[in-house]
Amino acid sequence: MDHKEVVLLLLLFLKSGLGDSLDDYVNTQGAFLFSLSRKQVAARSVEECAAKCEAETNFICRAFQYHSKDQQCVVMAENSKTSPIARMRDVVLFEKRIYLSECKTGNGKNYRGTTSKTKSGVICQKWSVSSPHIPKYSPEKFPLAGLEENYCRNPDNDEKGPWCYTTDPETRFDYCDIPECEDECMHCSGEHYEGKISKTMSGIECQSWGSQSPHAHGYLPSKFPNKNLKMNYCRNPDGEPRPWCFTTDPNKRWEFCDIPRCTTPPPTSGPTYQCLKGRGENYRGTVSVTASGHTCQRWSAQSPHKHNRTPENFPCKNLEENYCRNPDGETAPWCYTTDSEVRWDYCKIPSCGSSTTSTEYLDAPVPPEQTPVAQDCYRGNGESYRGTSSTTITGRKCQSWVSMTPHRHEKTPGNFPNAGLTMNYCRNPDADKSPWCYTTDPRVRWEYCNLKKCSETEQQVTNFPAIAQVPSVEDLSEDCMFGNGKRYRGKRATTVAGVPCQEWAAQEPHRHSIFTPETNPRAGLEKNYCRNPDGDDNGPWCYTTNPQKLFDYCDVPQCVTSSFDCGKPKVEPKKCPARVVGGCVSIPHSWPWQISLRHRYGGHFCGGTLISPEWVLTAKHCLEKSSSPSSYKVILGAHEEYHLGEGVQEIDVSKLFKEPSEADIALLKLSSPAIITDKVIPACLPTPNYVVADRTACYITGWGETKGTYGAGLLKEARLPVIENKVCNRYEYLGGKVSPNELCAGHLAGGIDSCQGDSGGPLVCFEKDKYILQGVTSWGLGCALPNKPGVYVRVSRFVTWIEEIMRRN
């Protein structure tokens, strides 16, 4: 592995769109293509490399690779459809969309796919041969028509679309059955529509998916890389009947778009099943009774329940009779019921047996087995690491090792039986520098994992409150790094493999021009010291003195601060997906920010969250009985509600602040700072106005009502998916009652929810390497009822108010 992840400059360039010259390419970071027909050329930029691909005359250039460190460009005749891909550092693979596509636009004159059969199923004749038919159109006569192999083409601009000469002597030519691309029309419900329509049915301009104004939303392009949420184009990321968008009208949150249906049959959707596989989206069995015993309503009927999940709106979902189906990406097949009191329910479908655990079948972007935050590290190069981390250094989620989506690969448990390739956990099957994984982002093939190297001695726990440190000028000279080490100015000068570094000013054994003391005078490129001039996520590196290896990373440890890390428990949470109502007892002290709010001389009545040593966040409605701070006290570090054990802290409330608007949120100032211990650690506050992505897996905790089930009196936890407000406000759920200052979370089937006594408590979401407080438990229609998810105050909307109150007091 002689290359490295792409430099920050290139990453920023990629994120900005790369410009018009690269719009016709699909790019994948960290992917290396094995191509027999290739040419290596010099190029100062990605665009220059693309221009050389377009100008290539010795072969048809279908792809190119750009190596940023040595400004190397490789143009190639093959692409990922015809040649294998490996992972590599410091490379981005660009493939022409036209050669990856198996659909046609218009009459298909530019179709360059690999279909090689006619509509009637006859194999096509090669364009370069003269038997059984002498061709009028050949590669020699029409070199720009893409007449390769025996693939269907349209060299004469035939209005009926691509065709080919046939291998049947009795039939000279016939047309091919090529589906239309979803750029000017849509198949099915438009789940794969990729066009550029950006106005709603009533003519309102669409809001950009990357914008949170005028409407905040949870469909973030970075969290849904498979949904193609580009610009402000109409899309269908959530299983609606057709594409839609948020609008630029502050008074109209969202609206459907007017996309015409394609006239050709849709592409095949893969195998169908008579049993449950994954989420059951391809289930085509005849079960027509829900798990609770209700008979299903016919999909074509509007009684007793009116709905838009009709055969007309979902023509590809086989909504026949009253059979259980999953047309909209729910967690399992379901149906509307014939009981007017029960709108819908899930069905109990027998499993196919060997159900997959691949990431493509998870019901949320965040896998349930999340990266540990407590005491998870690797030794050596991490080949022996068998932890459960599944997050990369940039915060991306790992792809399951048994999955081939979105990245096909050969690092499978069968090929590497001793590498511990379990679930989507970070591993090092090929003796790389540290554990890594393939990512669930189609644009990034793989990344190193967000793991640290084990230290010789354990870090001590601070017993006094502190403020998170910012590295000072003195810190820069220490032989350790903060963050990605861009400001590291230590004197390490060997790579992780022990090879001495080449001096930055030298041109031997490796010539380079991008990272020199002259081009980067502020990057500290002195002598041959390890540095990170490009802000590489993987840390400091250097060119090596090994002529066979251009560069490698250095083994620079993270600096240890005396401050606590918010959102990082010392005890790893269970992260159990079971219910709070019904009981899933947490591991003691694994949610160390959870507090019990009590009356001065009474018991627990509400929850809350420690956000700094002196401050607790809770729900405003918890303080309705008294506005006097002296009426309340806070219990920290507890696991049992009634029997407070060793290490529990009991602190009075000195001040309370209720958010001045209608929001159900309040701040409590403690009479003395909490002592930060293994059992008492604050949660992190979110970025102001941050919106949690739809279906993000988050966690609620509390000592609330459990309806007499197991675990009463012990701190419980549950994993809940966030539900986008657009969905939560549907008539069948909460009917427009949820405001932009609130968020929904829960399982629509019911059974898992916060309840009485959990009010004011935390809803925390895992982000990269810590838990962030995104919600304050506020209200709900009953406890754990079907179709009635819990509602939480959206903390990010009040961060500015929170910080201002804390600063003034």
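For all residues, glycine too, the Cβ spot is worked out from N, Cα and C.
Of the candidates T268, T391, Swiss-Prot records O-linked glycosylation site for T268; the remaining residues carry no such annotation there, which does not rule it out for them.
For C185, the cysteine that Swiss-Prot lists as its disulphide partner among C103, C257, C262, C275 is C262. When you check Swiss-Prot, the disulphide partner of C554 from the set C530, C584, C606 turns out to be C530. Between C49 and the candidates C53, C61, C73, Swiss-Prot records the disulphide pairing with C73. Among C275, C296, C426, the cysteine that Swiss-Prot records as disulfide-bonded to C352 is C275. Of the listed cysteines (C296, C454, C480), only C454 is recorded by Swiss-Prot as the disulfide partner of C377. The disulfide bond recorded by Swiss-Prot for C164 joins it to C124 [selected from C124, C188, C206]. On the backbone, the CA of C49 (disulfide bond) and the CA of C124 (disulfide bond) stand 35 Å apart.
At the 8 Å Cβ cutoff, the domain 'Kringle 2' (185-262) and the domain 'Kringle 5' (480-559) share fewer than 3 close pairs (sequence separation 6 or more) and do not count as touching. For the domain 'Kringle 1' (103-181), the number of residues in each DSSP class (helix H, G, I; strand E, B; coil) is 0 helix, 13 strand, 66 coil. Across the fold, the C-alpha of C185 (disulfide bond) and the C-alpha of D664 (active site, charge relay system) stand 45 Å from each other.
Confidence across the domain 'Kringle 1' (103-181), taken as the mean pLDDT and rounded to a whole number, stands at 94. Contacts of C73 (disulfide bond) defined by a Cβ separation under 8 A and a same-chain sequence distance of 6+ are given as Q40, V41, A42, A43, E48, C49, K52, F64, Q65, Y66, H67, in order along the sequence.
Below 8 A, the CB atoms of the domain 'Kringle 3' (275-352) and the domain 'Peptidase S1' (580-807) form 3+ pairs separated by six or more positions in the chain. Looking at which of 377-454, 480-559, 580-807 has the most CB pairs under 8 Å to the domain 'PAN' (20-98), the answer is the stretch 377-454.
Sorted by the number of other CB atoms within 10 A, the disulfide-bonded residues C275, C296 start with C275, the lowest. Spatial neighbours are here defined as Cα atoms within 10 angstroms of one another, and by that definition the neighbours of S596 (phosphoserine) among the recorded positions C296, C606, D664 are C606.
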